[in-house]
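One structure is given below, represented as structure tokens, and several questions about it will come after.
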């Protein structure tokens, strides 16, 4: 379907499933921390749970929930028949299940899934990370592409498909907040893509963006990551 309500519902259902998945990981974390000295899971598996829990809750539960609400409400609030780019709207949703399948499948790889925290600071995510880091990076890329396509759709819809008489100053506050959010998303997702690509090349292709031995700087990772992270939040 390319109907904005159907796609909004798909986003919301997907978000709910991811919320339950991330919640299951949170239960593992809390069970392990229930009592001092209690050892229910391996320390490395605990680290994988904290990392993937964070990534799933941020990129899989919170963001698709807001995007789903935007898809549902923005066309109705501005008097538009649908989103401006319905096929791209469809695609921006359907690549998400594949991204999160890839992220979750990394947990079953030899050496385990990503175990360096959801902020994946170098050198934990480069020098000391498992091979599944590659899957993690590609999953992040796909989520970023999805977010950017959704944001482009929101902007084009609000600018071009307002009903006659729906002036800028009559737009509901929800529509204004989403317009601003969409511009922020388009600005910061490529920064995240750059950060994870540098992590990928540092780990697998011998670059030294974040390795002091090769003239790089691990603190630069933090600057690049939070240049994405705070506008995103």
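Keep in mind that glycine also has a Cβ here, set from the backbone N, Cα and C atoms.
A quick note: this is a predicted structure, and the numbers were derived from the prediction, not measured.
Per TrEMBL, the features are:
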DOMAIN    1-233  domain 'Cytochrome oxidase subunit I profile'
TRANSMEM  12-31  transmembrane segment
TRANSMEM  51-73  transmembrane segment
TRANSMEM  93-113  transmembrane segment
TRANSMEM  133-161  transmembrane segment
TRANSMEM  173-200  transmembrane segment
Looking at the stretches 12-31, 51-73, 93-113, 133-161, which one shares the most CB pairs under 8 Å with the transmembrane segment (173-200)?
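Out of the listed stretches, 133-161 contacts the transmembrane segment (173-200) most.
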For the transmembrane segment (51-73), what are the same-chain contacts with Cβ under 8 Å, counting residues 6+ beyond its ends?
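Apart from its flanks, the transmembrane segment (51-73) reaches 4-5, 7-12, 14-16, 18-19, 21-22, 25-26, 29, 83, 89, 92, 96, 100, 103-104, 106-107, 113-120, 136, 139-140, 143, 147, 150, 154, 174, 178, 181.
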Could you tell me the mean pLDDT the prediction assigns to the domain 'Cytochrome oxidase subunit I profile' (1-233)?
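Mean model confidence (pLDDT) across the domain 'Cytochrome oxidase subunit I profile' (1-233) is 96.
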For the transmembrane segment (133-161), find every same-chain residue at least 6 residues outside the stretch whose CB is under 8 Å from a CB in it, and list them.
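Here the qualifying positions are 55, 59-60, 63, 67, 70-71, 74-75, 78, 80-81, 83-85, 88-89, 91-93, 95-96, 98-100, 102-103, 105-106, 109, 113-114, 120, 125-126, 171, 175, 178-179, 181-183, 185-186, 189-190, 192-193, 196-197, 199-200, 203-204.
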Which sequence-distant residues neighbour the transmembrane segment (12-31)? Criterion: at least 6 residues beyond either end, Cβ under 8 Å.
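Beyond its ends, the transmembrane segment (12-31) has Cβ neighbours at 40-41, 46, 49-50, 52-53, 56-57, 60-62, 64-65, 68-69, 72, 93, 96-97, 100, 104.
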